[in-house]
Amino acid sequence: MSKRDLISEYSQDVATDNRKRRKTDLDDGQTLMADIPKFTANDAYTVGWICAISTEYVAVQAFLDEEHDRPEYVSPNDSNDYTLGKIGKHNVVIAVLPGGEYGIASAAIVAKDMLHSFPNVRIGLMVGIGGGAPSQKHDIRLGDIVVSEPRDGMGGVFQYDFGKTIQGQNFYTTGFLNQPPTVLRTAVNGIKAQYKRKGHKLEEAINKVLDDNPRLRQECKRPGSGSDRLYQSGVVHPPNYDSACVEHCGIDPLHLVLRSERTKEEDNPAIHYGVIASANQLMKSALVRDALVAAKNVITGGITGKEVLCFEMEAAGLMNQFPCLVIRGICDYSDSHKNKTWQGYAAMAAAAYAKDLLCRIPPIKVEAEKKIVDILSDVGEKVIGVARGVNNLLYEKRIQDHKTILNWLTPIDYAPQQTNYIGRRQPGTGQWLLDSAEYQAWLETNKQTLFCPGIPGAGKTIITAIVIDNLYTRFQCDASVGIAYLYCDFRRQQEQKTEDLLANVLKQLAQKQVSIPDSIQDLYDQYKDKPKRPSLDEISRVLHSISTLYSKIFIVLDALDECQVTDECRTRLLSEIFKLQERERANIFSTSRPIPEIQEIFKASVSLEIRARDEDVQTYLAGHMTHLPSFVLSSPDLQNAIIATISKAVDGMFLLVPLHMDSLAREPTVGHIERALQNLPIELDETYKQAMIRIESQGGGFRELAKKVLYWVIHARRVLSTAELQHALAVEPRTLKLNRKFIPNIEIIGSICAGLVIVDTQSNVVRLVHYTTQEYFDRAQDNWFPNAEINIATVCVTYLSFDEFESGICQNDKEFEERLQTSRLYDYVSHNWGHHARKASTLIPEVISFLERKVQVEASSQALLAVKQWPWQVGYSQDFPKQMTGLHLSAYFGVEPVVKLLLDKGADIAAADDYCSRRAPILI
């Protein structure tokens, strides 16, 4: 049809419409019709057809009954490519997404631009390929067609998380979207009845098109049935392998879902009607696919079933703004086994169905529909608003992906410690260091090192926090400056190996970047699905690469003396940091006790000793007078005496200041305080001893609780969270249930221990006030806590024996994680009861009682041995040796007296777990 004929046919309608047309602002304040002439051939087109990829675009062009000239006019901001033509009696405008662009946002923008240039479009079609979701109810195969159809009053397109859904990743639902327009839904019902009665002739239509277009035959003909392989959901295609599944996944019948050939009486391709799931990226997880395929409201792995038939990537960008029917030819099974072999045929099948559908609709029915632009005129910028909204969600997804990758580098975050330490700083203290010539020169000069040694308890860590805070304040607006810091801790050696510490420096430098640098992304992609971690050399190489993004880098290292010397951790760390300094202009600030080995390393560096300055001590004391009895506040002379006496007594050791203040806070009269001031201990050991004497003098309940707190914190094999410690303190002997009435308030825990422990509210841990406190109790534990290991081991096995664990092992990840979340001490006691029992000086009856509880033993072995190696790992809670016995566990921990006793009581030495090697408890 010529443009003149089109104009003549539609000019009267268009003239009438132009008089009624309102301004519809869809893009940056521009009016949709502002620049369009009154009569254009564009107004003749009432059906909008959108394709995502060129394969789909070619397919619809091949099915056109007429192909028209390209449009003479498009909106100035319209970047779409159009094909115009006729299918049946309908004029159709076809657009395709830009090459290399996929997803919801791109589809929404293409639809918006189409409406700018073709404002008379009244119905829409989204036609192309998608991933099938086969089930026992729906025998979906490659080459079949899925048509969106509303269910239970909800639209036929279901929108879920905009993140990539690869086997094992998290999943979030968004909701059902609007229904297709009535005229299309009516036509679908009509053609469904026709096909059911007479069958369809789609295959014949495809073959005719291929006969007319022989160049398309190779790409678009129906592949052989042998290439239609549906793998079992647990079979995952190896990542980073693009070669055919037959090479890597094989054709073993045990790996495949076996299906019989379709009979001649069955439609092939088959047409399926129902819910299509739409997101911004490919569905590659068979497990998530199957969960969504499940019947409505059936929950699998935390995902609620939606009876989904197909997965695709564009429709969610259209349904609420561009009324359309979604038609998808199935080219793969929405799993990790992507199959491009079927894309051409699937696109042809979808286009053939869409043509059949359009040919059933009388043009007058389409013309009776409201124009899409009129539907949208009441909502203004809604079309582009969805694109913006999607882009916002995509931005949030990128942020989440950013966090995922950085946490993969290392989950350790020193920011809570920094917040805690800087929060304990008395305002005004430490200013002497910031004002010093040494610090100022360190700030201004490249490749500088400032080494700050100090005696134990001098306040080195608080000074470090002050330096870090000063750096972030000074350079907060300068994206060219990188800052990283480490707090070494003798209690955290398992998570502070050289690789861990260097990875943390890398993580902190990467955090300041807007997006994940390619070098980190490549490292993540290389290792994310592997059970091993990057080597030190690989981390170092990426660290040097990231460092080039900054003009200057500051690295702050606190308490190098607490960095472990085993495996040369400290030596290797400093070697890497110094290499970074030399090559990438890094400045280093470090604190340590004055250990000769460390001082030798820094002998050529600028050194500035840290010790408690009188002015800082006096500032701290003046700021904490309110913690003393009220009679002190009414006596300036007494306050001055306290400040003068303590300032002199601490002799450069800031740690003594709060301990002395804590001792004075408990004195009842002026006389008692004056006497205490005369007898202030000046040595740490004596100060700790006096603190323990104060604890012993407390009332019975508080005394025993304080001692429990101390021996748990001192003897725990790792740092305990506040919730773990609270549960440990609440366990009563010979009980079968945790009585939560005995859980102590965390504020009480912090107040009854004479200043020897600190409750870190930022990190949610309870720890000793200083590493010298641990050293003191290591020397004096027999005096204060002779039965600590016995008591702790007893609490551990009592907790493991609770009736709530009689249900045995958890059957899935969700149930297992809920158990660990509810029973907060369970992880610790499962991993460590045996270590405490081994250190105990006697055989503990409760240990034997626990090991004879078969169900509780199996449950604890799950917590001990089920390891979640990656955040996205699914099914990890079931990957551990089941059928372990009490003899297995006692042998695992090396508790020899218990092993002997169990054998004497008749334990089966040959009892095997269910791992492939069928391991017995003891090898003879």
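Numbers here mean position along the shown chain, with the first residue as 1.
From the backbone N, Cα and C atoms, a Cβ is placed for every residue, glycine too.
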Region 'Disordered' according to TrEMBL, located in which of 1-22, 221-242, 419-440: 1-22
Helix, strand and coil counts within the domain 'GPI inositol-deacylase winged helix' (697-777) (DSSP): 41 helix, 9 strand, 31 coil
Taken over the repeat 'ANK' (882-914), the model's mean pLDDT: 83
The repeat 'ANK' (882-914), counted residue by residue under DSSP: helix, strand, coil: 17 helix, 0 strand, 16 coil
